[in-house]
């Protein structure tokens, strides 16, 4: 192959040759990732450690070796001398005096300089020998060694001339190999180093694989399941390894030892789905097979952001005309400052969505792939597949061929755009996620579903009781004074009967004459006890009873042919009750559910004390009393009582007054809501996706407004949400409204706030976005018994399981027979012969977003256990088998530190030299000097909410996002108040934008004699820039001038960090600073111009975090292999990693994790030109050693479906959380096996 797959590393051998012998290095010159940063530091003088007089004297704190603790000139405690010399070598550049002075002034300005610091004990640790001449070469050599066998296998596929497809496919169970002429030969497994592979599953029959096709450089292969070839009445739904596809070990053969596994590569499109159906992947000890996903490589090369994906689909369907906006639209966009109009569409031609058909069209071209046969696997039965076997095998083979063609084009591109070998090695390791489970998984599913159904029944009964109680308001028309039920259908259906036929009177016969002494029913004579009846009296009574029954039977002819449905009941109630002829008939309003519009009314829901109301046009909102302008609209002489159904506004006023009295104040004060689930900063936090969605909604809404203005020039827009004169707004309440087109006498209508903005309607107040509002009391069930509040509480409790149970219950669990379990499990005292031991392979897309973050719908988004959420103990059901433990840790403030170190390297080349960096390293929550506390104090919000805004800014969100979020967190804020708070926050953190004029701009200022104020560096403010642009445009007949040469943020705690992020995002080819990965071609400036800045700034931090993870995975694999630690990678959830480790190796694995974190952080510092690392971020605050997967080892995970907790119900005790000092004590600071204490 003409292209070298890996670029050569200076001073290191590359390829299959021997890896250089490990050894220490002495760092001399350290390459900087940014030439300007490196130049600035090389120009700084090398000065002595003692700095200017402003620096306070440090206490003489001794290290464990008896020396002084190491500090940098800004009083940040650094690595111990021993660790520093092992990693960075001796010596190194010291920051210049000017840089230190500039940093001190900056920290003084933000009130951080001179804050006391708590010293940490030094960590003295002998690291394993490192390879190469520096950290970068160390990681390069490790990654090359780990990925080289797979890269060689990939090379075989790249250079191969594939054999032709066989003319017919063998109808035979198991694997079949096809020769050059198409001859079919049964084989146990495909003995190949590299395969392109595709599995198809008949979904109607469950998750068992149905058929598969593979191709190697030399032959085609097909596989058929026993369930396809052999017809049976039924098959078991429980999967075992025998149902899966063998790729490494023939059926019936024993598993090889760890050393005997061969390195093999499988390539596929969304290959994690195919991996889930491979037998050997479920073994506890794992194999050496690795997987390359063409879908993930596409995302890294030419993937789309979520907003771009929407635009791409719209353009593909012809719903969006690809043309630049009008001048009027551009002007309005600039004026609104909500984000640019989409003016560059070049990216449409170099990107696509993720489907194989579209990816093939992008990279290969040619006729489109035929995808219609796929529907048979989705909707058809096994019989349909048997009848169309040859066609479906050809379809599967076509996908394999297309995947190979895509792979041939992608891999060279991927290696060019992600040149560091750590990226590929990390993705290969990410592709073998593994979650061990046992019989407790089945118990969890049953308990959660049972609890859910029980609560559902209780909620149904509560709702039915509410409906029955509401029906009683018909008496005396009391419903007319009910703030919720007044506008329901209260019309009654009268009881109808046919007219009686006229019959000719017959003369009374003896038998029809009244019997003497027999009274009518109910006659007092009947009640009198006359003693025992005579035989004659008994006979007479029997005759009379038969006559009455005969008469009653005759009235059936008067009933209508179609029986009436609940006559005498109001219309809304009748709709909730099934008809008598319904096969599923049950008594009462059993059709009632939370999805019905009548339910919030029956529950008497209030929003801040105002009753909820539904509008066909605006969705759910609430009624605010006090409006008087529409009371006069009634016809003259008509009273409210005679006007028909009229809103009981006086009752609503009384309701709100009562609410205010209960609150103990006349008017409600602002109160912060809890966090919606997608904004909780837990391991499933989706904030990095929400930022882009919310930020671009502003762009979309503004574009729609411009289209409306352009459609009718000079014509005012139609009535908006706040249409109407100002005096029709309440003075004591503000919110999303009033919407005066909802004309309800005596009341204003306000919409419930929607997370996507005021223009969106709320379809249900029971949506999960309103759960925090239920918890903080904003959304409440009204008075009148406990049924309403209880139903609301139950809705909150079952929300998680209702939304997730299908995904959870459909997880593919494979139970292992005893013969497939390792000896460490079988011989452990806790092994249960009757128990079940198996695994789930989470179908992780290793690079599922443009930031190359992994994506998976269940496990990577699972929330932590909550006491009021059924089934939320999900993650704790991942439980290590006997003899094994789960070892892992969370990277502390990963993205904050990455952003901070980028800013520090850019500003003065010292850790903690910016306010943002200092707060990340030295800030203390107890003193209010950490980042989140500072933001909370500045804006006057809670610390939890401040976290969201801080992460949002780092992910590229602008001020509109902050305004939206402020109003979502505190819906009682006005738009103006939210804008002021957001402006205050961004001015204090991000700073203000300043501009440096271009040569053309300077010439215009001189020629036009325009007065502008400049800072010391020649920067001008936004106001002066607008003045220059306005005057030059006016005096040159609106000619466009390029007056800006450079933009920069100034004056905020995070200004330098944002300047660095934006400089990377706007560079010609943005690359991550550490591993040098390119941004997607669909977001390169040459394709998008100035568009999609949110996504691009977000990419810098998030993609660097992925670099961090890949470095960790490579380092952990090295240490596990080097020191024979028996363990395997399990899963990475955002900034958390977990490994499955033999019990006896757990402490060595914990030490390996700590060393991995140290080397990874040092790699970041080294690549940014910083020859040191602060002690506070060098090690994990704690490494968790546990038997199950949970956020904290002390969490008992009590939930409604697990009320007694993990220890009592499942027998899982609390785990261990060990810091670096405890781990060193347990392991004696060594990774060698002899250092490991007993279990």
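Positions of Cβ are set from backbone N, Cα and C atoms, glycine also.
Straight from Swiss-Prot, the features:
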- 198: active site, exonuclease activity (ACT_SITE)
- 306, 593, 806, 849, 1094, 1095: DNA binding site (BINDING)
- 890, 891, 893, 895, 943, 947, 951, 1135: 2'-deoxyribonucleoside 5'-triphosphate binding site (BINDING)
- 1-68: region 'Disordered' (REGION)
- 318-340: region 'Disordered' (REGION)
- 506-531: region 'Disordered' (REGION)
- 510-571: region 'Accessory-interacting determinant' (REGION)
- 196-200: motif 'Exo I' (MOTIF)
- 267-275: motif 'Exo II' (MOTIF)
- 395-403: motif 'Exo III' (MOTIF)
- 887-896: motif 'Pol A' (MOTIF)
- 943-958: motif 'Pol B' (MOTIF)
- 1134-1141: motif 'Pol C' (MOTIF)
- 853: site 'Critical for replication fidelity and mismatch recognition' (SITE)
- 1102: site 'Critical for replication fidelity and mismatch recognition' (SITE)
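Annotated features taken from Swiss-Prot, shown on the structure.
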residue: 306; record: DNA binding site; DSSP class: helix
residue: 806; record: DNA binding site; DSSP class: helix
residue: 849; record: DNA binding site; DSSP class: coil
residue: 891; record: 2'-deoxyribonucleoside 5'-triphosphate binding site; DSSP class: coil
residue: 943; record: 2'-deoxyribonucleoside 5'-triphosphate binding site; DSSP class: helix
residue: 951; record: 2'-deoxyribonucleoside 5'-triphosphate binding site; DSSP class: helix
residue: 1094; record: DNA binding site; DSSP class: helix
residue: 1102; record: site 'Critical for replication fidelity and mismatch recognition'; DSSP class: helix
residue: 1135; record: 2'-deoxyribonucleoside 5'-triphosphate binding site; DSSP class: coil
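Counting every protein chain shown, the Cβ of residue 849 (DNA binding site) has 26 other Cβ atoms within 10 Å.
Take the recorded positions 198, 895: by the count of other Cβ atoms within 10 Å of each Cβ, the lowest one is 895. Between the C-alpha atoms of residue 306 (DNA binding site) and residue 853 (site 'Critical for replication fidelity and mismatch recognition'), the distance comes to 14 Å.
Put simply, the two farthest-apart Cα atoms among 306, 593, 806, 849, 1094, 1095, the recorded binders of DNA, are 41 Å from each other. Per-class residue totals from DSSP over the motif 'Exo III' (395-403), listed helix then strand then coil: 9 helix, 0 strand, 0 coil. Helix, strand and coil content of the motif 'Exo I' (196-200), in residues and according to DSSP, is 0 helix, 5 strand, 0 coil. Applying DSSP to the motif 'Exo II' (267-275) sorts its residues as follows: 5 helix, 2 strand, 2 coil. Rounded to the nearest whole angstrom, the C-alpha distance between residue 891 (2'-deoxyribonucleoside 5'-triphosphate binding site) and residue 1094 (DNA binding site) is 24. If one looks beyond the motif 'Pol A' (887-896) by at least 6 residues along the same chain, the residues whose Cβ comes under 8 Å of a Cβ in the stretch are 683, 920, 931, 950-951, 954, 1101-1102, 1105, 1108, 1127, 1130, 1135-1139, 1141, 1146, 1149-1150, 1153, 1157, 1177, 1180-1185. Long-range Cβ contacts of residue 893 (2'-deoxyribonucleoside 5'-triphosphate binding site) within its own chain (separation 6+, distance under 8 Å): 920.
Ranked by Cβ neighbours within 10 A across all protein chains shown, the binding-site residues 306, 593, 806, 951, 1094 are led by 1094. Measuring Cα to Cα from residue 895 (2'-deoxyribonucleoside 5'-triphosphate binding site), the recorded positions that fall within 10 Å are 1102, out of 849, 853, 1094, 1095, 1102. Within 10 Å of residue 1102 (site 'Critical for replication fidelity and mismatch recognition'), counting CA to CA, the binding-site residues 890, 947, 951, 1094 contribute nothing.
For residue 943 (2'-deoxyribonucleoside 5'-triphosphate binding site) paired with residue 593 (DNA binding site), the C-alpha to C-alpha distance reads 38 Å. Counting every protein chain shown, the Cβ of residue 947 (2'-deoxyribonucleoside 5'-triphosphate binding site) has 21 other Cβ atoms within 10 Å. Rounded to a whole number, the distance between the Cα atoms of residue 1135 (2'-deoxyribonucleoside 5'-triphosphate binding site) and the residue listed as 'active site, exonuclease activity' is 31 Å.
Largest Cα to Cα distance within the recorded 2'-deoxyribonucleoside 5'-triphosphate binders 890, 891, 893, 895, 943, 947, 951, 1135: about 21 Å as a whole number.
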